[in-house]
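Read through the structure below, which is laid out as structure tokens, and then see the notes.
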Amino acid sequence: MKTVDKSYMKELQTNHIHHNLSVAQLVEKILYRQEGILTSTGAVRATTGTYTGRSPEDKFTVKDEVSDQHVNWGKVNKPIQEEVFNQLLSKVISYLNEKQEIFKFQGFAGSDHTYRLPIQVINEYAWHNLFSRQLFITPTEEELNNHQAEFTVISAPGFKADPAIDGTNSETFILISFKKRIVLIGGTEYAGEIKKSIFSVMNYLLPQQDVLSMHCSANVGQEGDVALFFGLSGTGKTTLSADPYRKLIGDDEHGWSPNGVFNIEGGCYAKCINLSEEKEPQIYNAIRYGTVLENVILNDNSREPDYDDTSLTENTRAAYPLENIDNIINPSVAGHPNTIIFLTADASGTLPPISKLTKEQAMYHFLSGYTSKLAGTERGVTEPLATFSACFGSPFLPLAPSKYAEMLGKKIDMFDTNVFLINTGWTGGSYGVGDRIKLSFTRAMVHSALEGELNSIETITDEIFGLQIPAHVPGVPDELLVPKQTWGNKEAYMKEAQTLALKFHENFKKFTLASETIKQAGPLYKG
């Protein structure tokens, strides 16, 4: 077990700490303290004020002798001095000592007992403590009796920093010290910071134990075959991994160890925008007693959630334990992945709907982490924006992206994993001209990939991107598979495809540590 310096805990008065309250006790506290309100579903709803999403500009990592040589310092991992951290920690503890009551949750991150991290979360707010209880792994009574936290999250949303004095970017701060093994959060009520800070911690610790930490969803078939789904927001990751014929391992964060795949979390933090029972029954029916709804608008009288109302934010969320879903595997551990699917929603309409990747191409596209974001303006003019996020989770990676890519490459080799790139975006033209690829076709492609039907099928090489396109996929029209054939204007297609290829090359320049074979696995067209 890791020896952790917890001298700071001596300064935190304990007579006002509620330890490991039950869901019922926390719901009671939330309502009594007027932190949230009860909804018709039985869930509690809380709002987060100014911050309705993460604050990446306010996230810093302490640069010291422990982190200095390991962390990939830069825009994502901004350094902060140890002295700045220590002073803020002292101030936050003094602030919490003045509170009438605070809340502590003890649990784990990581479903595989070999690699799990014992954690504790100390919260100013009861609703944040319920959120932590639902998102992380709750210990048994025996585990709780022997629990020794190896990482602590301290969350004090009511404490606002003074940048001029405290050395922060703003009144909000998310600070990680790998030496003290503390995450310090202040000035933001957005609960996602608690979840994602522990994910960042696991992305630092797990690779040191030969475990690849991944921002992906995962499910397992009836024969024990495991699939991973990587993809940025809006690519269909949640929709496609929720499959009635396969059991869910988890929806967001996983580790791939020498034993297989395991969920890092014990719950889900699902998007609620436009949620309906018809479209996403699994999520819709999981929202019940004990669930935390974040920034969801309610009907004043009935207290029914209105998932279509985005007046507070489009980033409305529900936090609930995995047990709220019927179709799960418990515990959340499974074997090695047979299939990996990278999802992209390409608005240029030039990437193939499905292609089979070599190991080198898999590492290239993993590092690229490409999708399109659709930026809307008030006049309704939308200009798609090519977005690249390394390893499909750049904001949460303390180490160099190439470290995770190398681990992925080794594991693909070791376990002979098939990797596919599936485009859930546009066909027959770019956004505004073409059409979104039908979900039924995408599901057919995913099904064929998972069933092994495409492993030895004849392929066509894409002339721009160098990708291997299956000549036939059951349930999908053959002409849809080759993007150029779906465009009326072939010249316009070539121009659009070449533009995207150059964006890939431009983005990849930053990966100076990548090997030459990986660099060569990008688009064939180089301008």
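Every residue, even glycine, has its Cβ placed from backbone N, Cα and C.
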Worksheet item: What does Swiss-Prot list, out of ARG45, ARG54, ARG443, as binding the same substrate as TYR190, LYS196, ARG317?
Response: ARG54
Worksheet item: Out of ASP112, ASP252, ASP300, which is the one Swiss-Prot records at the Mn(2+) site of LYS196, HIS215?
Response: ASP252
Item to complete: Starting from the Cα of GLY231 (ATP binding site), work out which of the binding-site residues (ARG54, TYR190, LYS196, HIS215, ARG317) are within 10 Å.
Response: HIS215
Fill in: Nearest recorded site to ARG54 (substrate binding site) by CA-CA distance, among binding-site residues HIS215, SER233, LYS237, THR239
SER233
Worksheet item: If you measure LYS196 (substrate binding site) to LYS237 (ATP binding site) at Cα, how many Å is it?
Response: 18
Worksheet entry | Neighbourhood of ARG317 (substrate binding site) by C-beta distance under 8 A, where only residues 6 or more apart in the same chain count | ALA191, GLY192, TYR269, ALA270, LYS271, CYS272, LEU293, GLU294, ASN295, VAL296
Worksheet item: If you measure ILE437 (ATP binding site) to TYR190 (substrate binding site) at Cα, how many Å is it?
Response: 34
Worksheet item: Around TYR190 (substrate binding site), how many other CB atoms lie within 10 A of its CB?
Response: 25
